[in-house]
Amino acid sequence: GFKAGVKDYKLTYYTPEYETKDTDILAAFRVTPQPGVPPEEAGAAVAAESSTGTWTTVWTDGLTSLDRYKGRCYHIEPVVGEENQYIAYVAYPLDLFEEGSVTNMFTSIVGNVFGFKALRALRLEDLRIPTTYSKTFLGPPHGIQVERDKLNKYGRPFLGCTIKPKLGLSAKNYGRACYECLRGGLDFTKDDENVNSQPFXRWRDRXVFCAEAXYKAQAETGEIKGHYLNATAGTCEEMIKRAVFARELGAPIVMHDYLTGGFTANTSLAHYCRDNGLLLHIHRAMHAVIDRQKNHGMHFRVLAKALRMSGGDHIHAGTVVGKLEGEREMTLGFVDLLRDDFIEKDRARGIFFTQDWVSMPGVIPVASGGIHVWHMPALTEIFGDDSVLQFGGGTLGHPWXNAPGAAANRVALEACVQARNEGRDLAREGNEIIRAACKW
């Protein structure tokens, strides 16, 4: 029975007649094979290398049931308009993955295979997470409805502001900027993603001044205010220590950079936040390293799905209109994946699989990066009510300074929401609506 030697992957791992199971994790890869490598072989190689395969036939294959555990490439289609590029669909049996570990899921699916010689490039476009697997994750600490109830804010997007200059302010001046923005009418202020604990502002001092800012603004406005305290740190222990301190100060929300911090750290923090009533704001620093290339890497919708499983209440999702990249339909596709329970397959929006999250709470998308008051009508229309709109320079860059900048954003937002509720067309009349709002 046993013959050593190298053999074609497609003999074992390309199974076009396979019927996918409801418990399978399905992946859609954009495969660019090297010249001369047939697409079936390339697709099968991806399935093999990300599941049970190795480059040769091994004796120990006889000790397990490959049919039960192997990944299968079950469908291949050419990409329209691209030469020698294919979408390969791969099904992975549920047993290949550890329960409740995004880290393990990614190690399996994208761990090794991206350096594969037979491929010129490889991109993971989408994943279908079966409910049997997603149920092993706790997901977002609270979710959209709970957050609205905690903050007592309904029927409009939330407003945030990243404190700039992002690096260099002392703790006290930082807190002062927070206070002015919150007092002016924003719901949240935010630590920038790279504000952790540097020599010019240590985390504990910053947190104390920011908490003071929030309480003072809360007392004066009668609205609940929050500052995203960035708990990202060099070790998981230090990260939790910062989150504990935020809780002791009574802060409503903390923040984490989930890609640089890592999924393991992020999931730990999400569990802590759920147990202690903290909201969790997620920044996606480093995402473009992974998702910006069209032919290689991973699409952000995969990172977004992973975050919903790992846990976070807000996540940055591009703006469609600001300084950072993001196409409208694709962005709305993964915004729905973050917020909704059930998302239909829709290739025009980049959604390769129907995804059913069942009862897993949703994540609020955050639009942030180079947006300002004149983008407000577009943002209100694109993102709808369940979103956070964040204006950093768009608040602090106001010629009359921070509080008026914040007030301008709040007035513009309320005007846009009111106009929308009256049935006006924001896309067409947006500028007028904002001009009229300036007058009061």
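Cβ coordinates come from backbone N, Cα and C, glycine included.
What you see is a predicted model, and the numbers here were worked out from it, not measured in a lab.
Using a 10 Å radius centred on the Cβ of Lys164 (active site, proton acceptor) and all shown protein chains, the other Cβ atoms total 17. The secondary structure of Lys164 (active site, proton acceptor), as reduced to three states from DSSP, is coil rather than helix or strand. For Lys164 (among others), the entry in Swiss-Prot reads active site, proton acceptor, with the evidence type sequence analysis.
Annotation note: His283 (active site, proton acceptor) sits in a strand segment as assigned by DSSP. Cβ neighbours within 10 Å of His283 (active site, proton acceptor), excluding its own Cβ and spanning all shown chains: 28. Summarising the annotation, Swiss-Prot assigns active site, proton acceptor to His283 (among others) and lists sequence analysis as the type of evidence.
With a 10 A radius on its CB, Arg284 (substrate binding site) counts 24 other CB atoms from all the protein chains. Annotation comment: Swiss-Prot describes Asn112, Thr162, Lys166, Arg284, His316, Ser368 as substrate binding site, evidence class sequence analysis.
Residue environment of Asp192 (Mg(2+) binding site) contains 18 other Cβ atoms, counted within 10 Å of its Cβ in all protein chains. The feature Mg(2+) binding site is assigned by Swiss-Prot to Lys190, Asp192, Glu193, with sequence analysis given as support.
The N6,N6,N6-trimethyllysine annotation in Swiss-Prot covers Lys3.
Residues annotated as N6-carboxylysine in Swiss-Prot, with sequence analysis given as evidence: Lys190. Other Cβ atoms within 10 Å of the Cβ of Lys190 (Mg(2+) binding site) number 28 in total over all chains.
Annotation source Swiss-Prot lists site 'Transition state stabilizer' at Lys323, citing sequence analysis.
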- Task: Taking the Cβ of Lys166 (substrate binding site) as the reference point, list residues of the same chain whose Cβ is under 8 angstroms away and which are at least six residues distant in sequence.
- Result: Asp192, Asn194, Val195
- Item | Asn112 (substrate binding site) versus recorded positions Lys164, Lys190, Glu193, His283 - nearest by Cα | His283
- Counting only other Cβ atoms and using a 10 Å cut-off, which of the binding-site residues Asn112, Thr162 scores lowest? Asn112
- Task: Fill in the CA-CA distance, Ser368 (substrate binding site) to His283 (active site, proton acceptor), as an integer in Å.
- Result: 10
- Note on the structure: Residues lining the Mg(2+) site besides Lys190, Asp192, Glu193 (CB within 8 A of their CB center) are Thr162, Ile163, Lys166, Asp191, Asn194, Val195, Tyr228, Asn230, Met255, His283
- Near Arg284 (substrate binding site), which of the recorded positions Lys164, Lys190, Glu193 can be found within 10 Å, Cα to Cα? Glu193
- Message: Restricting to the recorded positions Lys190, Glu193, His283, which ones have a CA within 10 Å of the CA of Thr162 (substrate binding site)?
- Response: Lys190, Glu193
